[in-house]
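For reference, the structure is listed below as structure tokens.
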């Protein structure tokens with residue numbers, strides 16, 4: 001990209017833009033994020049950890065550094081007894097500074113992100129929900145991020161509200177729903193969702209999280225068809241999970257009994273990521289990244305698969321031979337024999353787990369916005385509330 005070119009200029013020129021990976025999951029595994037609230041106070045508490053992860057994704061080929069601001073709205077930071085010593089503004093400001101510092105070390109853009117709010121689930125008004133986005137947005141404007149992403153929205157209505165707020169800045173706006181081919185939690189199809197988002201002012205639309213790469217690509221393909229059928233124009237993005245989710249229903253991986261601490265058997269290999277990157281490219285998606293479960297080596301695989309289109313390999317490929325070529329140097333002859341593309345491309349990895357079930361039975365309780373179970377609270381969940389949930393789980 002020529003210096004100073006923004007995300008829309010790059011996409012308009014037909015360039016591939018590679019996103020980074022899922023910071024909350026990666027940092028939870030490293031000991032800096034608490035699973036449950038999934039809030040990003042590490043940006044202020046442990047900036048060195050966040051900075052290092054940005055650097056690894058940049059080295060792996062990402063040219064978007066997304067601010068580590070997932071769920072950094074005040075209503076989420078104060079939800080269910082989650083007491084923090086930092087305000088949302090402090091966390092968001094620190095996250096912007098870290099993303100910019102690392103983006104400047106390479107040819108990368110900074111994206112400020114807002115996500116769905118507990119207030120929406122609790123049926124607060126459009127005015128209340130928009131005020132929460134506006135508060136986060138003030139920091140992004142002050143820190144002059146390159147573009148904005150509304151991501152991780154289960155309901156297109158709330159995503160439209162977010163886009164309407166974000167577009168007031170005049171910065172490019174991308175909007176991602178965490179939905180699969182079945183559409184949003186109220187059954188609005190991916191195509192219709194995308195049309196609404198484009199009409200609200202999003203220039204880039206797509207999906208992130210909740211489903212595996214191929215499912216997400218399928219959903220974005222449906223979005224693209226809907227937008228084109230409506231005679232509208234947009235760019236498309238996809239940032240899926242790094243987990244196989246063939247057994248998921250419309251709520252995605254949150255319903256899986258393994259969520260969030262037993263998902264490792266489902267992780268995609270780097271070779272699975274080659275297939276994903278090619279499939280996404282072939283359906284016309286040009287902003288290709290990752291969400292929960294993605295580690296830097298997964299993004300490197302995306303960058304390696306698309307190296308012919310991009311014209312270069314990422315820095316991290318210095319330590320990675322094409323299709324396992326580095327194994328030519330291995331001491332054992334049977335491992336040297338694996339230094340070839342057809343071996344890795346055709347491998348069907350075993351789970352290695354005795355008595356492992358091939359599929360899970362998702363929990364899907366079938367509740368969404370407005371249901372009593374989803375009313376959010378500031379105080380900690382009580383033992384009595386937990387007991388009711390445990391009892392319900394047993395009956396499922």
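If you go along the chain as it appears here, the first residue is 1 and each next one adds 1.
Backbone N, Cα and C atoms are what each Cβ position is placed from, and that goes for glycine too.
Noted in TrEMBL for the protein shown:
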type: BINDING; residues: 209, 291, 292; note: Zn(2+) binding site
type: DOMAIN; residues: 5-306; note: domain 'Hcy-binding'
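Annotated features taken from TrEMBL, shown on the structure.
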residue	record	Cβ within 10 Å
209	Zn(2+) binding site	27
291	Zn(2+) binding site	30
292	Zn(2+) binding site	27
(message) Residues other than 209, 291, 292 within 8 Å, Cβ to Cβ centroid, of the Zn(2+) site?
(response) 22, 25, 152, 178, 208, 210, 239, 240, 241, 290, 293, 294
(request) Could you please provide the mean pLDDT value for the domain 'Hcy-binding' (5-306)? (result) 95
